[in-house]
């Protein structure tokens, strides 16, 4: 079977799954893994795991992971008028909320709605230029009152996702909601396809994880079961090629997958990843040998599961591959199919390496700067 990056990505983007409600994506991931993998399971939290490669008990264990959930909302209250108050799940960009189309997972099926906005003709002062506070926003599903909304299948706790089906833009770019992190899920399926008939010297565990956007720790039960020697995460990173971010960094779409040197989130979570230099060298050398374009990134304000995985068990060496993405956590994220394909190529090359090529143990001499 020929793997199509675009078709696979678009099929995943058409699914909805905020944190804690990833089943539709998990079902697709599990079914795809079961076509080739030696062993596939879904744990009690909903993480989907597939094992490829060596069955030897002492084989080096490489875990590659990406999260299935997307940012969104949850219904908090149904007003007597039938309008819905809601809370954020994860960090959807609040500035984009008013006027957005949303999908609600009703008891009997999906329901369309929109986030209301004060009529521009009657808006005054800051109301015309500043987004309202979250507690001033509401969702309109066309219900005439609370009882009508309940008859339509809405209740407190109903999941809500942003609505924007995938579209193709120019130069291999795509626009959609939930590119964070269906890009990573697509990469997992691309690697799975590549490894299906390939003998490996190591054991590779592909993990589609849950609740990254909510608590960043949904994957923890998996790593305690798998006990990997090395973990590599796949996620998005802000692309800084737009007019508002050009002075921030050189990370750009269509210039290869990002290799994270540092990410850090200090607003409450206080965690992040400083990638060990030996792993940076491994990633850059492998990319160079396979003619795969990569770009380094330092990303304060960004955090992934690696921030917590690295301090589990006896300490797990971690690295992160980041696919540049414009307009993150908005209904219209933009990323490159070319960068996604490069990510799949790099991960596949890593999975095909011999155990001796993985620098698991820390260096004992002076730290050397990573270089290809």
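Cβ coordinates are placed from backbone N, Cα and C, and glycine is handled just like the others.
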Among 121, 288, 329 - the residue Swiss-Prot places in the same divalent metal cation 2 site as 180, 213
329
In Swiss-Prot, the residues 67, 180 are said to bind divalent metal cation 1. Which of 126, 235, 241 is said to bind at that same site?
235
Can you tell me the CA-to-CA distance separating residue 67 (divalent metal cation 1 binding site) and residue 329 (divalent metal cation 2 binding site), as a whole number of Å?
14
So if I draw a 10 Å sphere around the Cβ of residue 235 (divalent metal cation 1 binding site), how many other Cβ atoms end up inside it?
26
For residue 212 (active site, proton acceptor), what is the secondary structure by DSSP, using just helix, strand and coil?
coil
Which ones, of the recorded positions 180, 212, 235, have a Cα no more than 10 Å from the Cα of residue 329 (divalent metal cation 2 binding site)?
180
Highest CB neighbour count within 10 A among the binding-site residues 67, 329?
67
Pop the Cα-Cα gap between residue 213 (divalent metal cation 2 binding site) and residue 180 (divalent metal cation 1 binding site) into the table, whole Å please.
9
